[in-house]
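What follows is a short report on a single structure.
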Amino acid sequence: MRWFPVNSFYEAWRPVAIAARVFCLATTTPNNVDQMMERTSTDHILLIVGLLICGLGLHSSFTLILQQNLILSDSQLLVGGMFGFLILFQFTVISSLIVNYANGTQTAKFFHLVQKTDKHLSNQMGHRWNYEKDHFQAVVYLVLRYIMALVFMYLLSAVSVPMNRLTWIQRLSIGLSFGWMICCFLTLGLSVVLLLVTVQNRFAVLNGEMEKHLRRYVMKTGKVTQPGKLIRRFAMMHALLSDVVVLFNKCFSKLVMFAIGCAFSFILFAAFGMIHTYVTDMDSVAFEVARTDMILSWFCVGFILQVLICCNRLNYECHRSHVIVHKAISYGSYHKTIFKECAMFSRQLKHHSPRLSCGLFEFDWTLYYTMVGSLATYLVILLQFDMDQLKLHISKPG
């Protein structure tokens, strides 16, 4: 039993909302009357502050690369690729701030629909949500993510980046801007994962109730009261959750695409850098950089797997609704009115049952296999372009 009550989805989401507010990802404010989201001057200031911090990071990156302070490899492909990742990472954070600001109203509607779905599941189906568990889960995930951010900063400062080559002003600007952007990126990833789990849990509860009641109707037709009303209730709940998935695609799918692309590019050039360092005769500092980048790339692999697993679990629950309803239609005996209700529900499932997608591709295991194949292909291409330089190092005597 907690010393404070957690009685709604908004209260369970509050730790993540506060973290998103700190890193300028949440630029809408709930009013004190009906908790509806609105824009205030503070929200505009938060966006400006976030963009200024990202601008400081961009300025530091271009300054360092022009001064050639952090060039530790003789491979132009490796240096250009890691610098390109650095810029891509910063533009991913900038685009996240802008997209979240532009979709503030739709995001507020997303949370409102989740809360509305919880009320319907509670009032009409008797399900009780353990919001305290969700609140605790959000806090634990936040703590783990920020511990991960501290690990990132330690590795980048103590091992990967030779900070003694920089002035104290450069060290301060890099530490503040990149530390803030890493925490912002991790908060974005945490928010996406928790939202996917939230929607998946609602679909799982709905599917469980549908399976229980429809199976009971098939086996004991006379024991179910008002089956037509029950089917309409299930159809309404499924429509609400489908609207939630549509809003997720509108508000967050582009951010997921940017984040996955950023993580994929880092994995690619970290692997390329490690191979290049092993083949060529590099100094110990360059080897430490490559090894640290390879360690950090496993965090990116974990992030991609976590997102895709959550997406596939949600897509599975969406598809499971089809299976449950059409099994009931196929194996049940109904009179004309009930059959008409089932047919209407079936048409709804056909025309309004979305999947997680960014518009270019769906987030499923096909995307994962495509990324694995692309990683191998791009890595071979990079090594082929770098082959002349590799042969030159290998042919050196001694």
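Each Cβ is built from the backbone N, Cα and C atoms, and glycine gets one as well.
Taken verbatim from TrEMBL:
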type: TRANSMEM; residues: 45-66; note: transmembrane segment
type: TRANSMEM; residues: 78-102; note: transmembrane segment
type: TRANSMEM; residues: 138-161; note: transmembrane segment
type: TRANSMEM; residues: 173-197; note: transmembrane segment
type: TRANSMEM; residues: 255-275; note: transmembrane segment
type: TRANSMEM; residues: 295-314; note: transmembrane segment
type: TRANSMEM; residues: 365-385; note: transmembrane segment
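Of the Cβ pairs linking the transmembrane segment (365-385) with the transmembrane segment (255-275) and spaced 6 or more residues apart, 3 or more are under 8 Å, so the two regions touch. Here the transmembrane segment (78-102) does not lie next to the transmembrane segment (295-314) in space: the count of CB pairs under 8 Å, restricted to residues six or more apart, is fewer than 3.
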